[in-house]
């Protein structure tokens, strides 16, 4: 391994060069392919003689604002629990999301809205891009503290492409319904990140174990992320559902599911906690599992009771996962899941997909009436039975797991390339490796950073 000067020079050049290249290439592609859609273009909109009040901006933008806040504030602050990694948690979330939303606009545009030689964008494409960024940030949670920014940008470059392809296969080729992304966002993002983490397994991570925990104020800041996500999750699930009853029902189901998952989390956390005390890790994360578990079925006729039951189940399963399964995941399967994305997004995402299979299989014309067309158009048109739709939903889950697993494996191999800057084993979960930290000179005088230390990878 090169010594400190060459390593510092490489770190100085890698990130700016990659950022400039990615932004430059994206800008060129935007110039060539991206155009306003008919609801955004001045000439096209006014030529159609619509009232301004009919523009989709007024129906979709409030949801977009909520989704945007979730991505940049909710996800960012949820990950600041690490005692010495707050700058990186929020800062790299900012960086990844800013790149992912541009790149996903292109990838999703080529797959979903490419006609006349151009990609046509509007507020719905902004929401879809944020959804994709959310999946990338979920994967980031699995490798938080163990990767550098250049590695993360390359991860996003690959993951956005696979996310777009998986989404296209599920929604357009298989006709799967997944309004809130239990499969396309949460399951995909979680298992992509978990497989990536397995490939990047660091057997000497014990050297940084003392930084992997939280302190009082870092947990408090992380709780800000939890509250933002909890408040805005109904908008997240409902952002792109059919206007009217469908969107209303989606928000309602998510609202009740989140409430039930919160009570389930508090109950289980106290039950399995030491001396009956609550664990803030459980509250920060498992309380949100209710939003994940109804992602697929929230626009369906789940019923308020069904939403409560699903949320409570997700909260309990997620809490038990944090308590018992995360240690097994690392010790037995060599998956170092920093944020526990398997418990918040992975297992609840799979449960949500299976719940969607069940609710889709129970769909009838009597239950949905004329609303069947907006929720299950293929059933309404007579092209599928409810049972067939349920089977397609189940197959969509397997397709998602396949794309996520293969993609995570490829991503891990990409990120292990020796010339990419990666923090040494003794400096994981440490902001000073990548950031100018206030007071770092005094800290270095006591504990100098050994940036020249060789990396150890399996």
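Cβ from N, Cα, C; glycine included.
Per Swiss-Prot, N-linked glycosylation site is recorded for 49, and the stated evidence type is sequence analysis.
Among the features that Swiss-Prot reports, region 'Interaction with ANK3' is placed at 416-424, with the record citing experimental evidence.
For 436-458, the entry in Swiss-Prot reads region 'Disordered'.
Taken from Swiss-Prot, the feature topological domain 'Cytoplasmic' covers 1-13 (among others), and the record attributes it to sequence analysis.
Mean model confidence for the topological domain 'Extracellular' (35-61) is a pLDDT of 86. Taken from Swiss-Prot, the feature topological domain 'Extracellular' applies to 35-61 (among others).
When Cβ-Cβ distances below 8 Å are used as the criterion, the topological domain 'Cytoplasmic' (83-86) is approached by residues 144-145, 211, 213-215, 218, 221, 429-432 of the same chain, each at least six residues removed from its ends. Here Swiss-Prot flags 83-86 (among others) as topological domain 'Cytoplasmic'.
The residues of the topological domain 'Extracellular' (108-124), classed with DSSP into helix (H, G, I), strand (E, B) and coil, number 7 helix, 6 strand, 4 coil. The feature topological domain 'Extracellular' is assigned by Swiss-Prot to 108-124 (among others).
Beyond its flanks by at least six residues, the topological domain 'Cytoplasmic' (146-149) meets 11, 14-15, 92, 95, 155, 197, 200, 202, 205, 336, 338, 415, 420-423, 428-429, 433-434 of its own chain at Cβ-Cβ distances under 8 Å. Look at Swiss-Prot and you will find 146-149 (among others) tagged as topological domain 'Cytoplasmic'.
The topological domain 'Extracellular' annotation in Swiss-Prot covers 171-178 (among others).
Remark: secondary structure over the topological domain 'Cytoplasmic' (202-219) totals 11 helix, 0 strand, 7 coil, with classes taken from DSSP. What Swiss-Prot records for 202-219 (among others) is topological domain 'Cytoplasmic'.
Helix, strand and coil residue tallies for the topological domain 'Extracellular' (241-251), in that order: 7 helix, 0 strand, 4 coil [DSSP]. The topological domain 'Extracellular' annotation in Swiss-Prot covers 241-251 (among others).
Residues or ranges marked as topological domain 'Cytoplasmic' by Swiss-Prot: 273-282 (among others). Using a Cβ-Cβ cut-off under 8 Å and counting only residues 6 or more beyond its ends in the same chain, the topological domain 'Cytoplasmic' (273-282) has close neighbours at 81, 214, 219, 222-223, 265-266, 318-319, 322-323, 340.
Beyond the ends of the topological domain 'Cytoplasmic' (326-346), by six or more residues, the same chain brings 78-79, 82, 138-139, 141-146, 186-187, 189-191, 193-194, 197-198, 201-202, 205, 212, 281, 285-286, 288-289, 292, 317-319, 429, 458 to within a C-beta distance below 8 angstroms of the stretch. Residues or ranges marked as topological domain 'Cytoplasmic' in Swiss-Prot: 326-346 (among others).
Taken from Swiss-Prot, the feature topological domain 'Extracellular' applies to 368-393 (among others), supported by sequence analysis.
Under the heading topological domain 'Cytoplasmic', Swiss-Prot lists 415-458 (among others), citing sequence analysis as support.
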Number of helical, extended and coil residues in the topological domain 'Cytoplasmic' (146-149), per DSSP: 1 helix, 0 strand, 3 coil
Sequence-remote partners of the topological domain 'Cytoplasmic' (202-219) [C-beta within less than 8 Å, at least six residues beyond its ends]: 80-86, 145-146, 280-281, 284, 336, 338, 425-430, 456-458
Surrounding residues of the topological domain 'Extracellular' (368-393) on its own chain - C-beta under 8 Å, 6+ positions past either end: 174-177, 242, 245-246, 296, 299-301, 353, 356-358, 360-362
Secondary structure content of the topological domain 'Cytoplasmic' (326-346), with strand meaning DSSP E or B: 14 helix, 0 strand, 7 coil
Beyond the flanks of the topological domain 'Extracellular' (35-61) by at least 6 residues, Cβ under 8 Å: 113, 118-125, 127, 239-240, 243
